[in-house]
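What follows is a single structure, written as C-alpha cells, with notes after it.
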Amino acid sequence: MYMSYFCLLKVLASAQHEPGYCSFYEDCGLNPAVEGALIPPRVPCKDYRKAVNVTGDHYELLKSVCPMLAHGEGETLACCSIRQLTALQSSLTLSKAVLIRCPSCADNFAHIHCATTCSPNQTVVGYEAYISTNFSDASFRSCKNVRIPATGGYAIATMCGRYGSTLCTPQRWLDFQGDSSNGLAPLDINFKLLSDGQTAGLPPGAVLFADRALNCNETTPTGGEASSCQDCEQSCPAVSQPPPLPKPFIIGRLDGVLVISIIIFSCIFFLIMCYVVLECTIHIRKSKDVTCSDKTICLVVVLAFAVGIKDIELTTDPVQLWSAPKSRAMREKAFHDAHFDPFYRTNQLILTAPDRPSHYYDSLLFGKQNFSGIISKDLIIELLELQQKIQYFQNSIDNLNAKANMTELGVTKEVDLRDHFIYCVNSALSFKDITALGMSCMADYGGPVFPFLAVGGYENEEYTTAEALILTFSLNNYARTDVKFKVVEEWERRFLKIVQEYQKNTNTNFTFAYMAERSLEDEINRTTAEDIPIFMISYAVIFLYIAVALGEYSSCKRILVDSKFLVGLGGILVVGCSVMASMGFYAWIGVPSSLVILQVVPFLVLAVGADNIFIFVLEYQVFLPFSNPFSRSPAIKIGARPFWGRGVFVLVISNINIGYQKSLTLSLINSTCRKYKRPLKCTLREVHFSLSPDSDLLFRSVTYVYYEQYLTIVNEGLFNIAVCLLPTFVVCCILLGMDLRSGFLNLLTIVMITVDTVGVMTLWGIDFNAVSLINLVTAVGISVEFVSHLTRSFALSIHPTKVERAKEATANMGSAVFAGVAMTNLPGIVVLALAKAQLIQIFFFRLNLVITLLGMAHGLIFLPVLLSFLGMYSCLNVPSLCTWCSIPKSLSSKRLVKILSIVIVLVLSIPKCKYKIDC
C-alpha cells in the first residue's frame, strides 16, 4: 500500500523479449491521470534498449536499494537510472516502516518491485507483469502474519484494499499494489501469476519471474534477522503435546479429597470427645483473677495531635491512590515522564441509537451488507453538528452527501457513503478508495482512523453491524506542577460541559456515554460529597440507638435522664477526639488522606466506640445497681478511660496506617476494567523474558501503576492480617491474666471469622483487592469486640464447671455483646446501603454487614460451645497453683514493671510449666 509504483509500461508492438534488454529507462515525469497521491506519481520512459552496466555511485545505490540484483561492480546490468533508484528508495522506505517486524517479508516485497523496475530481463508487455506463483505465494506467506505494533493489526490489511487481512490472497495483494486508484501507485499494472513451467498466456520470448522468495523464518542477505514467533508461524518452536491429565483421585467410588476430609473431621471429633471424657475425671482447678491496666490518654497529647489537621493533605490523583510512591511501577513511570513526558490523556464519546432498526444495502463492489441503525446519514450529520469530528469523511457534509455512478463488470450502480465506509473499515490506511467517489480514508490530521477505534458493538470484524460510534480525543499530558496541566484540565472540563448540555437536549437521536481523563477523579469527589449526608444519617442513627437503648425508663418525666443522652453525646465526643488525634498525627508526619477516608474512618471508629460505650454502661449498671449514674468515683473514671480509649485508638491506627493508600478507588477501577475483559493478543511476557538481563531497560505500560499491587496482594494480605492477629493475641493474654489458653481460643475464633468473611466474599461477588483487604484487617479489630468480652466473663465466672461458666457468660455478657456490639453496628451499616458510590455499597456496606453477622454468630454461638469444651477451669479449689499467673486488681507503674518482668519469665518457662500450672 505504501509503494509508489515506478514503471510505466507502454504496449510495445515491436518489443523483443530477450535477456539483457529493457522495456523502459529513466524518469519521464508525473502521470497526469493520477491525482491525490501520497507521493509524486513519477513514471519511467519507454525505452527499448540494452541493460546498462552500472558502476560507481550508480552501483552503490543499486546495491543499497536492491541488493538482490547486485552481482559485483562492472558485472551488474540494470534497467533503472539513479533518479529511478532514488524514487524507488523513498517508496520502499514507506513499506519497510509497516513490515519492519519481518525483514524477510520486507525483502520479498522489495524484490518484486526491484525486479520490475531494474531487472535487466524485464518481461512486461503493456501493463502486465508475469510472476511465478511459487514466488508470489512465498512472498505473501512471509508477510501475512506481520503486525503493526502501533495498532496490533495485521500489516497485510493495509496492503490489500477492501479485502482486509481476512480475505486477502497473493493475487489480491499484488492487484492492490498495481491499482492506481489506491492513491499510491502511479499507474495500473496487471499482475499475472503463472505456475512454474506454464507457458499458456506467456508472451513469446518472455521469461517468467521465478526467483526464490525468503521465508519469514530466514535471515536476509543484508543481515536482517528472522521474524519473531508473533509475526511468523514458522519461527515458533514446536509445542510438545501436553501430558495427559492425571486420573481423578478416587477412593472407592467417592472423591478422595472428600473422603480424607471426612476422616480428618471424624478424628478431630473423636479426639474432642475423648478429651471431654478425660476432663470429667480430673481435678478442676481454679482460675486466676483478671484485671485491666489503668493507663490514660492525656488530653494535651490529643489536642497536640488534633492541631495537625490544619496541615492535612488530600490525595485526589488516582495514580497516587493506587500505587505506592516507591514501587517499581511508580519509579519507572517517573523516569518515563521525566524523559518522554506523561502519556496522552484520553477523552471519549460513545454514541448509540437503540431505537434505530438495521437495514440491508446492496453494494456494487461489496455485495449485500447489513447496516446497523447507527450508521445512517442523518445520524452522522447530527454527530458532525455536535462536534464536527468524524474522520472517515474529513469533517465534510459534502463528503457525506457525495454520490456517484460506477460501473463494475458491466453493472452500473450508484455508490455513496456506505460504500466508502465499507472500504475504509477494511483498509483504514488507504489514501483513496476504489469507488467512483475517490475519497481518502485518512482523517483530517493526515493519519488513519482504525475501525476498532471508530465503531463498537460488532462481532467477527463485521463493522457495518456496529451499534456504536466512538469519538476519541487524545490530548498532550503534562506534570501536575506544570502550568499547561491546568489548561488541559480546563479543556476537558469544557468538553464535559458541552456533552452534558447536549445530553439534556430532548430532540437528540443518540443515547451516549462519555468520559474524560479527569472523569474518574471528578467522580470520586462528586460521589464522596453526595454520600456525606448518608454518613451523617448513619452517625445520627447510632447516636439515637445508644441514647434510647441504654436507658432504663421509669416514667415519662425522666425520659431525658433515663435515655442516657449525655452518655451517648459524650461517647461521640470521645470518638471524635480519637479521630482528630489520629488524623492529625498522620498529617504531622506527612501521610496524605482522601475524602473517602475522612468519611469511612469516623464511621468505623464510631461503631466500635459505641460498642465500648454500651458495654461499659451495661457493666456499670449490673455491678453497681445502686450507684448514681453520674458518680465521680475514681475507680469508675480510671477504669473507663483506658478501656474506652484503647479500643478506639487501636482501630484508628489500623484503618489509617494500613488502609489509606489503596482504599479509595479500586472498586471503581474494577468496575471499569470489567468492561474490557478481553485482553489484547500480545506477547509482553515473551518480550520481558527474552531480553538480555544485562541490558538497562525499563518495561513501561500505563496500566502497571494500577495493577502492580495484585502481584503481591495475597502475600501482603496474609502478612497484614498476621501482624494484626499477633498483638491481638498478646494483649488478650495479658488482659486475661496470662491465660494463654483463653487467648488462643480468642485468636482461633477471630481467625475463623476472618476466613469465613473471605468465603462469603466469594459467594457475594466481592473481589479480593486492597479495599477488601483493609476491611479484613478491620474485621480483626471488630471481631475482638465479639469474642473478648465473652471470654473475659467466662474467665471471671466462679462456677465450678466449664459448661456452667459458659452459660453464665452467655447469659450475662452475651446480651450486652448483642445489644452493644451487633445492634450498634447494624443500624449504621444498613444506612450505607443508600450510598450512591459503588465503593461504599460493596466494600463498606456488604463487607461490614458480613463481618458483623459472622462476628455475632461466632461470638454468641460458636465461642460459648468452644469454651465449654476447651476453656480454662476455675481456680477456686487450687489457689496455690494460680498465684503465679494472677494480676492484682489495681496496678501502680512500679508494680506493673514487676508483673511484666514475671510475665517474661513465665513466657520463657512455658515449656517447663505448662503441665503444672494453667497459665
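Using N, Cα and C of the backbone, Cβ positions are placed for all residues, glycine too.
Computed from a predicted structure; not experimentally measured.
As annotated by TrEMBL, domain 'SSD' applies to 531-617. Averaged across the domain 'SSD' (531-617), pLDDT in this predicted model comes to 73.
Among the features that TrEMBL reports, signal peptide is placed at 1-15.
With a cut-off of 8 Å between Cβ atoms, the residues of this chain six or more beyond the transmembrane segment (257-278) that come close are 249, 251, 869-870. Among the features that TrEMBL reports, transmembrane segment is placed at 257-278 (among others).
The annotation transmembrane segment is assigned in TrEMBL to 532-553 (among others).
The feature transmembrane segment is assigned by TrEMBL to 565-589 (among others).
According to TrEMBL, the transmembrane segment annotation covers 595-622 (among others).
For 717-737 (among others), the entry in TrEMBL reads transmembrane segment.
Under the heading transmembrane segment, TrEMBL lists 744-766 (among others). Same-chain residues lying 6 or more positions outside the transmembrane segment (744-766) and placing a CB less than 8 Å from one of its CB atoms are 721, 725, 728-729, 732, 772, 775-776, 779-780, 783-784, 786-788, 791, 842-843, 846-847, 850-851, 854-855, 858-859, 862-863, 866-867, 870-871.
If you look up TrEMBL, you'll see 816-835 (among others) marked as transmembrane segment.
Here TrEMBL flags 847-870 (among others) as transmembrane segment. Long-range contacts of the transmembrane segment (847-870) within the same chain: residues 272, 275-276, 604, 607, 741-742, 745, 748-749, 752-753, 756-757, 760-761, 764, 766, 772, 775, 778-779, 782-783, 785-787, 790-791, 794, 802-803, 805-807, 809-810, 814, 817-818, 821-822, 825-826, 829-830, 832, each at least 6 residues beyond the stretch ends and with a Cβ under 8 Å from a Cβ of the stretch.
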